[in-house]
Amino acid sequence: MVAPSRKVPSGKRNDSNKVFKSSKKPFKKTKDDVAARSEAMALQLEEVPDFPRGGGSSLSKKEREKIHEEVDAEFDAGDERVAKRSKGGKPKKRTPRDVDELGSLFDGGLTGKQPRYANKITTKNISAGMKLLGVVTEVNQKDIVISLPGGLRGLVRASEALDFTDFGTEDDENELLGDIFSVGQLVPCIVLQLDDDDKKEAGKRKIWLSLRLSLLHKGFNLDSFQPGMVVTANVKSVEDHGYILQFGMPSITGFIKKSHEGTQELKTGQLIQGVVTNIDKERKIVRLSSDPDSVAKCVTKDLSGMSFDLLIPGMMVNARVQHVLENGLLLGFLMYFTGTVDLFHLQNPLCNKSWKDEYNQTKMVNARILFMDPSTRAVGLTLNPHLVGNKAPPLLVSSGDIFDEAKVVRVDKSGLLLELPSNPVSTPAYVSTYDAVEDEVKKLEKNFKEGNRIRVRVLGLKQIEGLAIGTLKESAFEGPAFTHSDVKPGMVTKAKVISVDTFGAIVQFPGGLKAMCPLQHMSEFEVTKPRKKFKVGAELIFRVLGCKSKRITVTCKKTLVKSKLPILSSYADATEGLVTHGWITKIEKHGCFVRFYNGVQGFVARFELGLEPGSDPASVFHVGEVVKCRVASAVHGTRRINLSFMIKPTSVSEDDSIKLGSIVSGVIDSITPQAVTVHVKSKGLLKGTISAEHLADHHDQAKLMISLLRPGFELDKLLVIDIEGNNLALSSKYSLIKFAEELPSDFSQLQPNSVVHGYVCNLIENGCFVRFLGRLTGFAPRSKAIDEPRADLSESFFVGQSVRANIVDVNQEKSRVTLSLKQSSCASVDASFVQEYFLTDEKISNLQSSDIAESECSWVEKFSIGSLIKGTVQDKNDLGLVVNFDNVNNVLGFIPKYHLGGTSLENGSVVQAVVLDISRAERLVDLSLKPELINSSAKEVSNSQSKKKRKRGISKEPEVHQRVSAVVEIVKEQYLILSIPEHNYTIGYAAVSDYNTQKLPVKQFSTGQSVVASVEALQNPLTSGRLLLLLDSVSGNSETSSKRAKKKSNCEVGSVVQAEITEIKPFEVRVNFGQSFRGRIHITEVNDVGTSEEPFAKFRVGQSVSARVVAKPSHTDNKKSQLWELSVKPSLLRDSGGLTEVREQLEFASGERVCGYVYKVDKEWVWLAISRNVTARIYILDTACDARELEEFEGRFPIGKAVSGYVLTYNKEKKTLRLVQRPLLNIQKSIANDGGPKKDNLDSSIPGGDATLFIHEGDILGGRISKILPGVGGLRVQIGPYVFGRVHFTEINDSWVSNPLDGLHEGQFVKCKVLEISNSSKGTLQIDLSLRTSLDGMSSDHLSEVSSNNGYKRFERIEDLSPDMGIEGYVKNTMSKGCFIMLSRTLDAKVLLSNLSDTYVKDPENEFPVGKLVTGRVLNVEPLSKRVEVTLKKEKAGGPPKSESYDLKQFHVGDVISGRIKRVEPYGLFIEIDQTGMVGLCHKSQLSDDHIEDIHATYEAGESVTAKILKLDEEKRRISLGMKSSYFMNSDDDKAQPRAEENADEASMECDPINDSKSGVLTAVGDFGFNGTSLAIAQVESRASILPLEVDLDDIEEADFDKNQNQKLQGADKDEKSKRREKQKDKEEREKKIQAAEGRLLENHAPESADEFEKLVRSSPNSSFVWIKYMAFMLSLADIEKARSIAERALRTINIREEEEKLNIWVAYFNLENEHGSPPEEAVKKVFERARQYCDPKKVYNALLGVYERTEQYKLADKLLDEMIKKFKQSCKVWLRKIQSCLKQDQEDIQSVVNRALLCLPRRKHIKFISQTAILEFKCGDADRGRSLFEGVLREYPKRTDLWSVYLDQEIRLGEVDVIRSLFERAISLSLPPKKMKFLFKKFLEYEKAGGDEERVEYVKQRAMEYADSTLA
């Protein structure tokens, strides 16, 4: 700001736009320290908007007015009113009462009076646009709290903290604030707005600030920055060498270098200060230094013309004292500016009254700008040493602290300045006049003297001044709670009601804190009218409930206030047995929730409420009620407290009658689906719990019971199975109650081999846990839990199931009990299982009929089992008859069809039937009309009936444990109704299952079936009047318990025993021997040598045989199923001496012959039993070589068939052999290097391992076609599990047929012969096979003769071929120049285009397709170079050879011929001479005397022409022609002309071989393995050592390599034309060179000199290919500089539009510098930087990355990739390259790269990126990570079938079948449109078809049909 230039007249400034309007009453802010105290209080109150402390609001209006008047009077000292001004401001022309808060400093400083008072910032005069220096006090999630000058508090929203918002996302914005701002940091800020609410007091106005530099630096430009200036900036980004900054100006950026001195790194967005070191005006970059010392000491220089807008809070300036004011200083700085310093911002914060003496005029000081107001141009400065040092003053005291020895430093009119004795340094404190004394304001000098020691309490803090606000009032020391930190839960205090609302009351503590009393806590009972209960102004006693987030909650409930019990204010205080008061917050059926202090909550279970059973808690308690409760238990980790309203707990120990295993009774209290709670009848009030599974032994009955029980019912017999504190675990299971005395509760009570009752308490995959009494638990391993080893435990047992357990082992040291639950060893020995069923059924029927009258319940008494009853037939159906009873209502009888006794009855017929069963619940009676049952039950019958039925003798009653034969009469779900014929057809009942088999499939019974059972219980009330039986099929063995208990005799291995055969199975014979020993004779233990077809044919059940014990039983089986191993081999039985050990053969050698028996056959393998423990398998293709036998594979190996084979491999661990049925021969040429016997070979599951022993050249094998290769690729044939061979296209059929593949399909079995075994280039074995039947061993002799006579021989060697030999073959490859044909698997031949046909071939590829059968003759054979040329032209039968048909003697040089153009080529015309069939070449140079640009435009095929013969080559049968017009006009010179043309033609036909491997330019024209075969036999040897040239077929046709022959021709004519030759010698030499060079160029040969390359680049200047070859040529000459210059020329020459061509040159340039640069890295970098400016940068980066990766410079590649992901962070391909690079180098931080990529990439690219990353993980990373990526993206997009398809493809590539199928199952279970589902089903089907599993294929089809049906439905 330049002062003189302003034209505003002095005193005429327009101040009408100022925000701060003065009140009508003069208010001297500078002296009103009461207002300062009010502001300090407001600072605290702002933090608690809900319940603010008092402070300024505690003064009444009159008190405030009085204080203002007194203070003003003291400062004014008379009637004269001095208007408030800015520092140095001129008095305004206003009324004396119109006082300004901030005046103009500049004008008044020059022309007006000096101001009396320094400026201060208050809530009244702060305005929008002000710039202030503040200190960060809090960093919250959504805002920042900043302490401002004068004790004010401002807020910064998160959106106003930074200028740029593109950093991070919305989610991490909260974390961003905490990262870039720290408490205590000094920040410049600008006022955005003030919350001006008239209802609020000024002290509560919220000040909203902004830290955005665009607002602070408004008006700045590049010229504003000066070296040495301190500026504030935000870190915009972090780079490798430093940080990029932004100043809030879009065009100007800053930069700070990273310091390597260990300083803390900066973060993006961080606000920093720096000193300007350099300004780059062209690039608009300002470089800063962030050294803290430099920043703190740097002073802004005096610059002429600095405007007011360039002043920034925090800027340090050199200032001069201009005037000492009443409460501060007036300073001048930066030449034109003035500012004031407050009394609290002097250099010494603890200055006494003589402070003015320290500041004489013109004193120079360093000051920092504290605030500035643009509207009034007022500036505030500070001299505080901490702030001048650019640090916030330290805060060493806190609110509420009390200091007894505070020293008075200064006494002012407005208050006291004290020195608080804090550590390490003293803290200044100020006490206003109001806070100094209790009563009216008096002169403080009378009461307080400097140096006095007084007691003070800290009210608040002014952080930026480092000043404490204190009070001396006694009331401040008395209050128990002065700050929120003083408030403790449970504290009892007085408080005054200041407002009452519908939600509760606001009360104020004596110290000024405010709290809320919620409505429910205003009284013990519900308060409907709170304003009547609480009067405003009333003082009441409250108790603090909690203080959370500075919000205090209190209660006025008398019980809580007066409670003497300890309070519960944290979960850690909850100890068991603690009794305390709480209040109910929620009541539910299962209990109450009780709350305590500080939000602690507990739960009282229903049983602990002390209610009567069945009563409702809500009727006894109410929400808000204060209750006394006891802590029953507490889990601090889960913050869970269990309470009880019963203060004295009932102990189980008090009641002696209750212990484990005792029987109790109780009343039901509550019922849930999982358990029943009962009150146990005892001395105390005990709770018992019966889980749902423990209501009955039968699962279905237990479910029915829990649905019928009601609260209040009494349960009489309950077993205590566990005691947990005062809670009893009870059981109502009949099986446990009946055997309660036998149930064990301790290890000492367990006896091995005993069977005890228990229940399943847990199931795991490996076994089953069974519990008895208490916590005594046993474990049944899977092998001992179920008889069927493959069954699933979860499908065999359920938790809570009653079981019988056989104790196998008790290990007291490890506290382990091993059990067996197998039915074979734990079967029931009585009928308790079915007895419990009927007893429970009675209970259920009683529960169902509890509300029915007793008269209706007595119907059961009228029916007794076995009695006769009369009834009337009501209905008749297919199942039987329904009968009504006259004397009983609502009860039906049913007679099944089986029990009609052969009678036919109609509706209404009266019948007399016998009662078989009664169903109480269904009110149904089962009846029978069978005569034998009726007669047995009749007591009084008629005479006619007695005559028929009394013939039978009366049987005696059955006895207990008697075994009887019974007949099944009716089959029920849980039991059978039986009749016992031998006991007068007595009716009995037996269970179909047992305790341990409840969940297993039940054995099926049919009516009329005979069964054997034992009588276990006679009719009595405990059996519901039924006779109970136990089936033998349920109990297992029919042996009696006495037999089972017999002691087993000794048995030793090697002893000979007599065994009785009990059962004959397919592979073993079961026998019994000794006393209850069981054993088996394996099928391999019958005969000594070899195998017989039926080894068990001589055995019969019951037969006794002599056998030798060869092995003990396995200890893993339970004792009942242990089997000894026996043998009846004659060799073992002949040994008279006892064998102590009989060993099984476990060693096998490769090639050894073994025998076995088939026990399993699948689609691929035959499984044999070799011995007891050794098995073998034979692959399908190893069982035969004939295709018919292989097709009947499964039929050839029935189960039990004896099979022999030869050992191929042996796996000792698994005891498994791999056999083949052919002897293993030791032939030199086999796949293995040594064919001798080998032991312990690897298992054949290793690919290729099974082929290394038995496949040799010449072997005849069985095979299966696995793939038919396309074209003429032949067949891929499988000859082993993992071995494949290849059948060449010519080896498929004996005879030459047009399509050898006809009749063949994949999966077809074939017979094949091994022709050759060799190693491929990849290191794998290659096996060549043949399917030709004419080969030795492939068929019978007769067939082979026929086939060999009819079929053409295959030529395997080139020596077998000779010219003119007739051959046949298949076209292998066809091009425009000719084709190749296959003569055999080792020989190919070439056919030139001219030899394809006698006629013109327009399109060779269509007329000679691949695979076509052709017939031809050999033209030429070169054995050394293995080249064969063939012609397909037909010749007449018996005619001369083709070589003779070309008779050139009929022609002479100079003859004129006529012919037809056969073919037009770029180098000339092929002309067919009329009437001869011979073809000659007219070279391009001989067509015309004039130059012809385009031959194709001038001549066409088929056109008739006239030509002159120039040259005849009889040896090569070539004719050279000329068509120049001069040949026909000048006949005199026709002798001389041909010779010259001959030489030119000869030169043009030369084809110089180029063997320069360095150039690497020459490329193949066609895919031909050999060329240049048209040579004379004389030159074959000379050319054999030269590599064949890769040139065009027509070039070969026209080439002439015969230099020797050429010399001979020249010698013959030398004498004749020597003179003429001498004259033209020089001309011919030049012609030769020109012709040779042109020929090479015409025939696409690589140029051989720089001149030729120059011509080429001039003709194709935009071809990067030509330029790159030119560079390669120079590199081959080691001329690197020349190569560089060519690259530069290319970049200048290529058209700018050819971007791809230019890029190719750049890439070549990269490669050049990478190979030859010095140093390479720097050289490449320079070229790269240039390339970026001319080409697409992304392409250039990718190209250089490719160069680094190809040359394996991974460090440079990684560095480049890091740069790429910064530059192209939204490119999916770049991130994928980064992922691929990390995976290739096995780096670990893949996930972090993925996360970074997802943050940077647009959301539309996320799916592509995640899926491609997952594919990369599958291919070269971790498949599990790939799966997790796919799973994550499919969770969001489950209907994207493309993602499913890619996921499935990757899993299929890995080949984990279970994973693939489970993924397919998930996919086809989706709910997608039919089109997408069809795709998924089709893919599933293709996968299963590829696997070859027909069952799975059918399964997929079935699933697809189900989906189709459901969709149509």
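Each residue, glycine too, has its Cβ placed from N, Cα and C.
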Region 'Disordered' per TrEMBL, picked from 1030-1054, 1330-1354, 1530-1554, is residues 1530-1554
Among 314-384, 400-473, 753-822, 1258-1332, stretch most in contact with the domain 'S1 motif' (661-733) (C-beta, under 8 angstroms): 753-822
Rounded mean pLDDT within the domain 'S1 motif' (490-557) lands at 87
Kindly say whether the domain 'S1 motif' (1054-1129) and the domain 'S1 motif' (866-930) touch, using the definition of 3 or more Cβ pairs under 8 Å where each pair is 6 or more positions apart. no
What does the DSSP secondary structure composition of the domain 'S1 motif' (577-646) look like, as residue counts for helix, strand and coil? 11 helix, 35 strand, 24 coil
Two-stretch contact, the domain 'S1 motif' (1151-1222) and the domain 'S1 motif' (866-930), at least three Cβ pairs under 8 Å: no
